[in-house]
Amino acid sequence: MARYTNSLKIFTGNSNPKLASEIAEHLGLKLADSEVGTFSDGEISVRIGESVRGASVFVIQSTCAPVNNNLMELLIMIDAFKRASAAEINAVIPYYGYARQDRKAKARDPITAKLVADLITAAGAHRVVTMDLHAPQIQGYFNIPVDHLLGGPILAKYFMDKELGDDVVVVSPDHGSVTRARYFAEKLNAPLAIIDKRRPKANVAEVMNIIGDVKGKKAILVDDLIDTAGTLVQAAEALLDHGAVEIYACATHGVLSGPAIERLKESPIKEVVITDTIPLPEEKKIDKIKVRSVAPLFAEAILRIHEGMSVSKLFT
């Protein structure tokens, strides 16, 4: 450890200091000295409390709620490191906000995921490290290296250790999550089912068609994030209607906004497994929700980046 402690520095904003502290601990380091607050008029204030000249800096900041505050904190911290002559500035963004605004879905829509990528690059970041982007092509929005970590192995291990038996089916809640769910199914040596959502005509409720056999099986819904949980709960109810006997759900990012917690409480889902890319506040902690840590994976990725080693080897 001693060979890199002087040149490797881990900083955090206010979005997920607990995760940042755990990552630093796995590296045998303490969080570097910084203070991120606000001035009386609401502007963000950043103070870097130690020299970063010539250092390899990793700033850990998810752009989760409050999204705009956390994004501005990240940008201002990157700018501060650049002006303080850091040798390399790595933006570690476990959850990349605005990722769902990745294309023009209708006329005159912005592509905000690209705008955010441009802002991070313009601020002075040399590299981005993130996890399970909602749209993997966002990696191409950057003109700097992007290391895209996968949460699937962490979530799959939870269910492998749980030993649910042979009657398991992995379910993709929509077409967009099929690749993620297929990886999960291969890990668990289980079949794959897909939910095909169709709206027969305008002003008519969506119909959920299930492609694959779920009758008599324990179903595991796999997605990248859970936001309001509306679609997830509808999918769980559709699976029960088609004969599934138990429903589990997992996602890398627990956004859990609006009515999500109440919906999950009242839903037929037995367990919801997420990671700690986004902190789970006390008021959202319920027995159904199980949280797995991504700190060891991010720590290993940071070490590999710092040492000039392959990051992709973590998944091969």
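Heads up, the Cβ atoms here are built off N, Cα and C, so glycines get one too.
Features as listed in Swiss-Prot:
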{"type": "BINDING", "residues": "ASP41, GLY42, GLU43, ARG100, GLN101", "note": "ATP binding site"}
{"type": "BINDING", "residues": "HIS134", "note": "Mg(2+) 1 binding site"}
{"type": "BINDING", "residues": "ASP174", "note": "Mg(2+) 2 binding site"}
{"type": "ACT_SITE", "residues": "LYS197", "note": "active site"}
{"type": "BINDING", "residues": "ARG199, ASP223, ASP227, THR228, ALA229, GLY230, THR231", "note": "D-ribose 5-phosphate binding site"}
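Looking only at Cα atoms, GLY230 (D-ribose 5-phosphate binding site) sits nearest to ARG100 among the binding-site residues GLY42, GLU43, ARG100, GLN101. In this structure, THR228 (D-ribose 5-phosphate binding site) belongs to neither helix nor strand by DSSP; it is coil.
The number of other Cβ atoms within 10 Å of the Cβ belonging to THR231 (D-ribose 5-phosphate binding site), over all protein chains shown, comes to 18.
DSSP gives LYS197 (active site) a strand state.
Residue pairs drawn from ASP41, GLY42, GLU43, ARG100, GLN101, the listed ATP binders, are separated by up to 31 Å at the Cα level.
Cβ neighbour counts within 10 Å, taken over all protein chains shown, single out HIS134 as the most crowded of the recorded positions ARG100, HIS134, LYS197.
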